[in-house]
Amino acid sequence: MASAVLPSGSQCAAAAAVAAAAAPPGLRLRLLLLLLSAAALIPTGDGQNLFTKDVTVIEGEVATISCQVNKSDDSVIQLLNPNRQTIYFRDFRPLKDSRFQLLNFSSSELKVSLTNVSISDEGRYFCQLYTDPPQESYTTITVLVPPRNLMIDIQKDTAVEGEEIEVNCTAMASKPATTIRWFKGNKELKGKSEVEEWSDMYTVTSQLMLKVHKEDDGVPVICQVEHPAVTGNLQTQRYLEVQYKPQVHIQMTYPLQGLTREGDAFELTCEAIGKPQPVMVTWVRVDDEMPQHAVLSGPNLFINNLNKTDNGTYRCEASNIVGKAHSDYMLYVYDPPTTIPPPTTTTTTTTTTTTTILTIITDTTATTEPAVHDSRAGEEGTIGAVDHAVIGGVVAVVVFAMLCLLIILGRYFARHKGTYFTHEAKGADDAADADTAIINAEGGQNNSEEKKEYFI
């Protein structure tokens, strides 16, 4: 926006000064006084009271031009286009362009609307106020043009894992030039842009070099435009299609507890995922031929009635047009569980006592079974535990039997304790003393247990 005072008033003042200089002395004083009075009435640049504002509008929308007067004296207001053609003189429209419509006319404002703005309408528009001297102010209309077309192009519709591809995005015919941003999913990437100008319009092309991985399959690549004429997000996208070699995983589906023993059934399932999906999954035995009793059914490997000869490494292989992949499983067959005999009772009979000898059995069954990969160490530990338990049981039985024997002998000798005499002693001289001793012994018995004497 700018304002100016037309030079007609200054020219009049200058002409009056020249005339005063050429006049006679008496008249000269009067002319100078008149000149000073007239100069005080002439408006200067500081007294400019015509104003307007610049306008920015999006192509196809409506622009509003307003010529405003601060201190109106009912002077005429008119509006001119960039070619100095009169659009409105007061409330009259000489220009035959129906897109211009009068919104308001008064002594202090002339407001006009311009509909369906195009890039050709851009430029300076002039407001004029017919004062003495006339005043002029201009406004600039700037037209914003959003991108007419947004295109994204991928070098390859289908890429292979690890390959670098080129992605281009073009925003055509915008004003001013657009800013292009790249996203892969939610992650922003950096591209390289080139700007081409043609007839005050700009075409921007951005290039993105992208190395793809299998995780990028199905992820969108987004081209997003930022422009003052665009509200919200203007974007376009393409979904990546990435091919990758199979990923192989082996799962043991039987036995469920994870420990394989002789005589058990055994089953493995191979899972292979890739793009394109593997068409064939095969089983091989790495260190030997496949057992004859093994059954192969697609991704499943089944072996019935396991034995030690089945030990080895079994491999699942899968392939597609991208490549091959495999996974290994090491099988170790353990001995069958050891059967422990039930507890037994042994009875020994003597003359006066029955001795019962109990055999102590220690349970040697393992409380927890080892993992498949550590099964060999677990089996050796179980065998050692069985040997120690048997030895301990035998020692306990021997000690118990000896204790019982000592108790029996002690009780036997206690029952046969006493004084013994022979027949010869009975007829000897001291026999009377022996009888007396016996009588005294019988008469003086106070204990609960009877004391006896025997003569032989």
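Backbone N, Cα and C define each Cβ position, glycine as well.
Among Cys223, Cys316, the cysteine that Swiss-Prot records as disulfide-bonded to Cys270 is Cys316. Asn104 is the residue among Asn104, Asn446 that Swiss-Prot labels N-linked glycosylation site.
The 10 Å shell around the Cβ of Asn104 (N-linked glycosylation site) contains 12 further Cβ atoms across the protein chains shown. Mean pLDDT for the domain 'Ig-like V-type' (48-142) in the predicted structure: 94.
Here the candidates are the recorded positions Cys67, Asn70, Cys316. The one whose C-alpha lies nearest to that of Asn116 (N-linked glycosylation site) is Cys67. Neighbours of Cys67 (disulfide bond), defined as other CB atoms within 10 A of its CB across all chains, total 24. Sequence-distant contacts (6 or more apart, same chain, Cβ under 8 Å) of Asn70 (N-linked glycosylation site) comprise Asn49, Leu50, Phe51, Ser108.
Rounded to a whole number, the C-alpha distance linking Cys127 (disulfide bond) with Asn104 (N-linked glycosylation site) is 14 angstrom. For Cys316 (disulfide bond), the spatially nearest entry among the recorded positions Cys67, Asn104, Cys169, Cys223, Asn307 is Asn307, judged by CA separation.
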